[in-house]
Amino acid sequence: MFLFSLLFLCHVLGLTLASPTQPRSLATTAWDYIVVGSGPAGIIAATRLSENTAKKVLLLEGGGPSYYVTGGRERPSWLSGTSLSRVDVPGLYLSIFSTPSSLTCGKNVNAFGGCTIGGCSAINAGLFFEPPASDFDKYFPTGWKHSDLVPSINRLYATQPSSDAPSADHMQYLQSGYTAAKNWIVNKAGFTELPINANAARKTKVFGHPVYDYNNAQRGGPAISYLQKALTRSNFHLQSGAWVQRVVRTGSHATGVVANVNGVTTTYSLSAKGRVIVSGGALKSPELLMKSGIGDPAVLERLHAANKLGGLPSKSWINNTAVGAKLFDNPNTFIELSSPKVQSYVYTYENPPASDKALYLQHRSGPYSFASEISVFWDTVKRSDGSLAGMQGTIGTAGYSGYQNSSTVTLNIYGTSGLKSTGKVVLDSNFVPGQSGVYYSNPQDAQDIATFIRRIFDALPGTGITPLNIPQSATHAQIAKYITTPSAYAVGQVNHWSSSCRFGSCVDTNTVVVGMKNLHVVDASIVAPLTVNPQMGVMIAAERAAELIKLLG
C-alpha cells in the first residue's frame, strides 16, 4: 500500500520500511525476536525487547504506512502541504468508517480492524482508560495481578502522553452535550463527576471527560510514543507489507515464520534461542496459530485438506480447542438523544468549517483536536448471586443513522467486565478469520444491560433530554428485546476484540503458547474482558509480557 512510491521518502525520514532488497537481506539474518503485527501490543513488545541492543528484533506488519511519520500520505486536500496524514488528525477518526481507506484489513479479516503500522491504535478514537485494579485481581492469573502490573502501568504512563483536554489550548470543545449529560447523569442519576484516570479504581456511578492518548492535539499511540524510539536502534527492523502465513516449527520449537512480502514468499529465521511473538490481534493471532498447526483438531483437518499447513505432518499438530475460544467483544447499543440544549456537530473529511480548519492547522485546537467523544460514565449491575456486570456509556457529538438533526447526540452503551457471553474465532470458506456467537449467547447479559439502561432512563424526567429510538417509558423487557434485536442501533460489532487465547488454556503466564517452548501471543487475545475500552489494558499487558519474555532469555 503506497510502499514502493514511498521508499525514498521513508529513507529520508529514517524509517525501516520495506525495500526491494530489504526482504532478502532480512531473510538472511537470524533474529532473536520476530514480532508479528505492529498493533499497540506488537509495537510495545518489540520496542521493549529491542532495548537490549545485543538482541536482533524484527517487527513484521502486513499493512502499510499510517501516520505521516511512518510514510502515510492518505489525507484530504485541506491537509496538503502539512506533515499530517488523516491518521494524525483526531477529528478525522470517524471518517475511516465512512470513506475509502488503505488502513483497514479489508478482505484479510471478516471484521473492521486496522491493518497498518499502529494497527487498531491508528484507526480508533484513542480512548485511553486505565482499567481498575479489580479487573486484574479478578480476571488475571498469578503474576498478572494489579500489584504485579504497577511497574508496567508506570512505564506506560511515562512513555505514552494522554489528556482529557488534548487541544493545545487545553480547552474542551463542543461541550453542550457534556453539560446536558452531566445534568442527567450526575445531578439527576447521582453519579460523581471526577478525573477518570486519576481515579482509575472507581468504576461505579462515575462520570467525566474522556481521556485520549494524544500528544499536541495529534493522535498518539505506540506508533508515535514507542516505535520512533525503536527505529533509532540498529538492532531493530520494521518490515511492512509482510503478511505472515504461518510459524515454521519443529515439534514444540519455532524456527521462524513464512510471510508473503509484496507477492514474494519469504522465510524469516530465528537464532538458536530466538522467540516468535504473535501480536496480530484477537482475530488474526488465533488464525496464525491454527495455520501453524495449533488449534481445534477439526479446524486443523480443514486446513490440512486445503494444504494450508505448509506440509506440517499431523503428528506435529498441537490439538488445543482453547485457540480462538472465548472471544469477547462489548455488546453495544446506540441510543439517540435529543435536547434543545444540545448542538450537534458532524465531522467532515474534506470540508471542515473554515474556522475549525484554521483552529486546527494554525493552533492545534478546536473540534478537530479530539475524536468526537465528549463524555464517559460507568456503573455496575449486581446480580442475585452477588457477581457484578460492568457497564459503560459514552456520548458523541452527533446523531446516527435515522436521527441526525442539529439537536441530537448519540449515547453508546457497552456491557463490559463480568459479562457471560463469549464466542469463538472461526475461519470462513477462504480461511479468513471472523467471529461466531459472541453477542448475547448468554441471556443474562441482555438482562443486565437492560437494567442499566432502565436505571438511567429513570433519571431523565426534568432534564429536557428525550431518547428517540428507545422510548423513555420502555419497560425492562422491551429494552432487553430492543438491544438483542439486530438493527442500525443494536447488536453491532464494536470491534473491541479480546480474550481469544486465554491464560492457562491457550498460553501460560509467560505468554508461551501451550505445547510450545518459544512461541508467544502478546496482544488483546490474552486480555480478559475489561471494565474499560481495551486499548490501554492491551498496552499494559504488552509492557508486562515484554518484561517476562526478557527474563526467559
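Yeah, the Cβs are placed from backbone N, Cα and C, and that goes for glycine too.
Taken from TrEMBL, the feature FAD binding site covers Val244, Pro534, Gln535. There are 30 other Cβ atoms within 10 Å of the Cβ belonging to Pro534 (FAD binding site).
Model confidence over the domain 'Glucose-methanol-choline oxidoreductase N-terminal' (281-295) stands at 98, taken as the mean pLDDT rounded to a whole number. Feature annotation from TrEMBL assigns domain 'Glucose-methanol-choline oxidoreductase N-terminal' to 281-295.
The signal peptide annotation in TrEMBL covers 1-18.
Counting residues of the domain 'Glucose-methanol-choline oxidoreductase N-terminal' (281-295) by DSSP class, helix then strand then coil, yields 7 helix, 2 strand, 6 coil. Of all the Cβ atoms in the protein chains shown, 25 others lie within 10 Å of the Cβ of Val244 (FAD binding site). Within 10 Å of the Cβ of Gln535 (FAD binding site) there are 25 other Cβ atoms, across all protein chains.
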